[in-house]
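Since the structure comes first, as C-alpha cells, the remarks are kept for the end.
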Amino acid sequence: MNRIHAVILDWAGTTVDFGSFAPTQIFVEAFRQAFDVEITLAEARVPMGLGKWQHIEALGKLPAVDARWQAKFGRSMSAADIDAIYAAFMPLQIAKVVDFSSPIAGVIDTIAALRAEGIKIGSCSGYPRAVMERLVPAAAEHGYRPDHWVATDDLAAGGRPGPWMALQNVIALGIDAVAHCVKVDDAAPGISEGLNAGMWTVGLAVSGNEFGATWDAYQTMSKEDVAVRREHAASKLYAAGAHYVVDSLADLPEVIAHINARLAQGERP
C-alpha cells in the first residue's frame, strides 16, 4: 500500500529529554575534566546529532574552542586529545543518561496512534551502544518502547549524517521502500541522515537541541521568546533539507496524513 509504513525516530530531544540536555551538559563536563578547558552549553549544542567522538572532534574545530585550545596548549586538538575527552565523556554519560530518559510530552500517545495505523517505530541515536543499553530500558520503564533501535557505533560504515542507521532500521523492520519511511529528528545531521536514506524528513523545532530549553523553562517562556527560538530552530532544520518542521512529535500524525496524500498522488521524497 502506498503510504507511510515506518517512522525512524531520534532519541534525545525527539522522544526523550526535552531540550536535549543529557549530552550537552556532559560535553561541557568532559572537556573540563579531561583538559580543564571550558566550553559553553551553546557551543556544545552546535554539532549535535553526530556520533559522540565525531561531536567532540567538531567541537575542537569551532573557531572559539580552537582558539582557547591553542592558547592553552599551543596547538589544535589532536585525535589523542579527542580520545581522552571521549574517555571522560563515556562514564559521565552512562551515569547520567537514565536521569533524562522520560518521554517528552505527547510521545506515548503519538506512538500509540501511529501503531494503531499499522506504522512501525524504528529509532537511532548519536549515543554509542554502551549509553543506549542504559537509556533503552530506562525509557521502557516510562512506557516508550520502539520496535527497533540502532546506536551510532553499531555499524562499520558509521553514523550520521550518513544513511546507515536509518537503513538498518528499514532492514530490521522489513519495510518495502524507503519512500514509505519518515525520519524524525531535532538536529541537522539527523535530517541529513534521512535525506541520504531516501526518506521523508521531519524536523522538531521546539522539543530539541536547536530550541535548547528545559520543559519548565519552555512552560514559563513568553510567546515572543518562544517565537524567536522556534524560528531559529526551524530555519536550521529547513536549511538542512527537512520536508516539514513542527514543534514536537505530538504533531507528527498530522504530517504523516499529509505525506500519505502526497504518496497517493505519486510523489516521492
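Along the chain as shown, residues are numbered 1 onward.
Backbone N, Cα and C define each Cβ position, glycine as well.
Among the candidates Asp153, Asp154, Asp176, Asp186, the one that Swiss-Prot lists alongside Asp10, Ala12 as binding Mg(2+) is Asp186. Between the recorded positions Asp10, Lys52, Asp186, Asp186 has the most other Cβ atoms inside 10 Å of its own Cβ, all protein chains included. Less than 8 angstroms from the CB of Ala12 (Mg(2+) binding site) sit Ser20, Ala22, Pro23, Phe100, Ser125, Gly126, Tyr127, Gly208, Asn209, each of them six or more residues away in the same chain.
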